[in-house]
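Enquirer: Pasting a structure below so you can have a look.
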Protein chains: 2
Amino acid sequence: MRRIRITVAYDGTEFHGWQVQPGLPTIQGWLEQILTGIESAPVQVHGSGRTDAGVHAIAQVAAFDLKNPIPCDNLRKAVNRLLPRSIRVTSVEEAAADFHPRFQAKEKTYEYRIWREEICPPMRRLYVFHHPYLLNEEAIRAAAPLLEGEHDFTAFAAADEKDELGRSKVRRIFASAVWREGGELVYRVRGSGFLKHMVRMIMGTLLEVGKGNLTEADLLARLQPGYPAKSGPAVPASGLCLMNVEY
Amino acid sequence: MRRIRITVAYDGTEFHGWQVQPGLPTIQGWLEQILTGIESAPVQVHGSGRTDAGVHAIAQVAAFDLKNPIPCDNLRKAVNRLLPRSIRVTSVEEAAADFHPRFQAKEKTYEYRIWREEICPPMRRLYVFHHPYLLNEEAIRAAAPLLEGEHDFTAFAAADEKDELGRSKVRRIFASAVWREGGELVYRVRGSGFLKHMVRMIMGTLLEVGKGNLTEADLLARLQPGYPAKSGPAVPASGLCLMNVEY
């Protein structure tokens, strides 16, 4: 049995997220269906983590086991021929037998893009959150690096994030920065891992700072263990993209 | 009665082209439906020209007459609230009573984009033609300016381009150039006007030059009056975008 590691790019617009859901198009579902056909036996695909419905990826990482001896290059081409054009396998390689894309991920990078002008170009609409309203962008830029370091992100996790006993909500953020690219405000965050909805709730909280509804002190308070409420609200999925997973 | 001039951007992917077609979504159809609602009387929208199904626009120009005294800024906002996000009216202004977007257009600019690498990024797929196969790009770059000047483009018109008596197929091309932008080969052409499918047939012919199937002399022969056959084939609509119309 070979363990194969793949890198996957996708336009999340038309999918119900990464994870298999019976009867709904998902990225994992498409990959498993095609690989099961190639293997003539059930193939389970394990991602570095789930992405929500509508979230995009430049380089999601996943792995699966295969008996079929097909060379990696041919497998990439075969899978891409069968996938919709909104999903592309950008690399296929042999991995160590114990490679696990979720448990061994060391860091992940996400970007969140906000279109700031009144009119959102039709060809950008699926890849940004359109928010043309007044914001103190300088305050957002200044607040973003406060997330860096090791913090308890309980306040930045979806209400239904699993509350397993002993499963820590402490994560380390290596870099957290905001800048402008033309009409877009870009937030890039690199961390050891992310809870469900975490990036979108951080972005939503930074927007509250930009609106003057929260101060830097309020943001820091939400990073203290035992903070009593959920932060947010989460911003829409369309602006979010998984850029990279490091091992 | 006011004559109003608008500039329109659209992602052509989901539309059956610019022109109204009963029962099918088109850009003109959407605009007329919304403006008729605002005017409470039928409004006809005249574009600078048609774009085919799947062709995009950054700045199509159109005009219509309105009795409603709504200020231009408010009209732009009202129309954009009612349009799908794949169509945006980027400007609205009062025009001269005799302004006609088709007959008075002095020049138009189109771009055609070809994705040259094996894997087309999912988020670019709707806005390029994916052609990763061997091409002599230098030959294409060298041939593109040969289109400049005044020529009979009969060989570069769709077979069903209207053959009205006395309607010339001579057009003047002011600039015709090819260059690389990362993984994309970009063709930009600016001319006095374009026949149906003309840009896509020029691009298809330039690709034949890049494949070594046609020489520069073959290309020039197709620009002579009386050339006996159609050129082409036309490349797919997804790579084409109307960039600008000048008056």
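Easy rule for this one: first residue shown is 1, then count along the chain.
Cβ atoms here come from the backbone N, Cα and C positions, even for glycine.
For B:8-103, B:143-247, the entry in TrEMBL reads domain 'Pseudouridine synthase I TruA alpha/beta'. Per TrEMBL, active site, nucleophile is recorded for B:ASP52. Residues or ranges marked as substrate binding site by TrEMBL: B:TYR110.
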Enquirer: Return one of helix, strand or coil for B:ASP52 (active site, nucleophile), based on DSSP.
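Expert: Where B:ASP52 (active site, nucleophile) sits, the three-state DSSP reduction gives coil.
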Enquirer: How many whole Å apart are the CA atoms of B:ASP52 (active site, nucleophile) and the residue listed as 'substrate binding site'?
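Expert: So the alpha carbons of B:ASP52 (active site, nucleophile) and the residue listed as 'substrate binding site' sit roughly 13 Å from each other.
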Enquirer: Please work out the number of neighbouring Cβ atoms within 10 Å of the Cβ of B:ASP52 (active site, nucleophile), leaving out its own Cβ.
Expert: 18
Enquirer: Who sits close to the residue listed as 'substrate binding site': which same-chain residues at least 6 apart have their Cβ under 8 Å from its Cβ?
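Expert: Listed in sequence order: B:ARG188, B:VAL189, B:PHE194, B:VAL199, B:LEU240, B:CYS241, B:LEU242, B:MET243.
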Enquirer: Taking every residue in the domain 'Pseudouridine synthase I TruA alpha/beta' (B:143-247), what is their average pLDDT?
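Expert: Computed over the domain 'Pseudouridine synthase I TruA alpha/beta' (B:143-247), the mean pLDDT is 91 on the 0 to 100 scale.
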